[in-house]
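Record features, source Swiss-Prot:
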- His2: Ni(2+) binding site (BINDING)
- Cys73, Cys76, Cys90, Cys93: Zn(2+) binding site (BINDING)
Amino acid sequence: MHEYSIVTALLELCENHAKSNKAKKVTKVVVALGERSGVEPQLLESAFEVFKLDSVCAESELVIETKPMKFRCRSCGAEFLPKGIDFGSCEVCKAPNPELVGGKEMHLQSLEMEAEDEG
């Protein structure tokens, strides 16, 4: 399951951001996840719940924002979101084989952190 390695990298990113912002903990982690990213949201959530326990994210909530597929026509350049399961042609000019330009991504969208107490 590659979700484990993804969560490990995600937690490392969170640790780095918390350290550079002098935060004592991360309370919310928001991830953008394309519907064609190849990552299972439920497995990602499960792995996060287990791996976060020994990190700055121990008490954090994981929010996954699903990003839809987006296509660009190779002929007319139109960008569109597919309607239904037939996305083999441009919805504007009907040319075949549009390019998938969105929905494959996965990235850290935002973090909510709690600052260290100043003393």
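Note: Cβ is positioned from N, Cα and C throughout, glycine not excepted.
Structure coloured by features recorded in Swiss-Prot.
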residue : record              : contacts (Cβ under 8 Å, 6+ apart)
His2    : Ni(2+) binding site : Gly38, Val39
Cys73   : Zn(2+) binding site : Glu79, Phe80, Cys90, Val92, Cys93, Ala95, Pro98, Glu99
Cys76   : Zn(2+) binding site : Cys90, Val92, Cys93, Ala95
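When Cβ neighbours within 10 Å are tallied across all protein chains shown, the highest count among the binding-site residues Cys90, Cys93 belongs to Cys90.
Excluding the listed site residues Cys73, Cys76, Cys90, Cys93, the same chain places Arg74, Ser75, Gly77, Ala78, Glu91, Val92, Lys94, Ala95, Pro98 with Cβ atoms within 8 Å of the centre of the Zn(2+) site Cβ atoms.
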